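Now, the feature entries from TrEMBL:
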- 57-77: transmembrane segment (TRANSMEM)
- 89-116: transmembrane segment (TRANSMEM)
- 122-145: transmembrane segment (TRANSMEM)
- 152-176: transmembrane segment (TRANSMEM)
- 196-221: transmembrane segment (TRANSMEM)
- 242-272: transmembrane segment (TRANSMEM)
- 284-303: transmembrane segment (TRANSMEM)
- 315-332: transmembrane segment (TRANSMEM)
Amino acid sequence: MSHRLKFTCALILVLVLWLLNISLGSISIPIGALLERIAGVPFPRESWEIIVVDYRIPKSITAILAGIALSVSGLQMQTFFRNPLAGPFVLGISSGAGLGVALLAMAGTAFGWQLFAGTTSYWSVILASSAGAIGVLVLMGLAAWKVKDSMTLLIVGLMFGSAASAIVTLLSFFSAAEELKMFTLWSMGNLGNTGWSELGLLSGAILIGVTMVIFSVKSYNAMLLGEAYAKSMGINFQKLRWIMIVSTGILTGGITAFCGPIAFIGIAVPHLARLLFKTNDHRVLFPATAILGILVLLACDTLSQLPGYASSLPINAVTTAFGAPLIIWLIMKRNFSEAF
């Protein structure tokens, strides 16, 4: 099967899953009614219009943006470190975002803050998460300026993440039960908190990160053969490294700020793309990874929507249930060694 046919089939599946994602939930809406609404025919019930337009479409668009951002970030990190288990969170950016939210949620009593109250609480979480992610990204940028070896930089990123997680653990230990519950719910991941007003900002961040990747993608194939080979091909390795770190920071930090940490998409989907498209050419892998990221996250979000139930499963639980078996299966088949 040619790449073009695979892309066509994947895009058709995206459309089908998108319709299913909007259709299923605590109140099921027939797909036929959705298709008629797209054609301009009003819904037979006014409540369906509110559910679809104000909640489910923004949620599905958020899933699409998150699928693109996390899967592309994961592919970048696996290429950059030439490590099959690298993902978008190895730079510690997600842990930094978590630290920002933990300080907001669990250090509030000590500082007398009135947190998570009124209409500003969601934006407070976004700002705190963004501040934490940007802080770690700046530290990683300084580390990249001093550290030339990629594997050493990987260790530095993991140490930043571990340090942030240690502070979060201490805050959790001393926090009140209600504050800890708020942070725990955030850490489970949620695609449904983003409305139309937040989507503009999130889309802008993802567009910036993806654009940086698009203009650099031709140089990524040389990265698989090492720094020395990339330099021999005339590639400015230091500049490329900065682009990969900053774009990953923007993509990962943006999604974590608006949706919380979402596990395994960034690690599993790039391997799924290599498996299905049977190539290491990043000009094919990047669009393939982005489309499969959309597919997987839409599928996971659809599975989390149990028809007839008022609440949905935590998205992190569903993505982990998908990602962990895939990674184990790939390890057993030893496909990792073929890709790197």
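Positions of Cβ are set from backbone N, Cα and C atoms, glycine also.
Predicted, not measured: the structure shown is a model, and the values here were computed from it.
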Selected stretch (most C-beta pairs under 8 A with the transmembrane segment (57-77)) from 152-176, 196-221, 284-303: 284-303
Residues of the parent chain within Cβ reach of the transmembrane segment (196-221), under 8 Å, 6 or more residues beyond its termini: 54, 58, 61-62, 65, 68-69, 72-73, 76, 79, 122, 126, 230, 235, 240, 243-244, 246-248, 250-251, 253-255, 258, 280-283, 286, 290
Segment-segment contact (the transmembrane segment (122-145); the transmembrane segment (315-332)) at 3 or more Cβ pairs under 8 Å: no
Sequence-remote partners of the transmembrane segment (284-303) [C-beta within less than 8 Å, at least six residues beyond its ends]: 3, 6-7, 10-11, 13-14, 17-18, 20-21, 24, 59-60, 63-64, 66-72, 74-75, 191, 210, 213-214, 217, 220, 262, 265, 268-270, 272-274, 276-277, 313, 315, 318-319, 322
Long-range environment of the transmembrane segment (315-332) - Cβ separation under 8 angstroms, sequence gap at least 6: 84-85, 187-191, 259-265, 267-268, 271-272, 275, 296-297, 299-301, 303-304
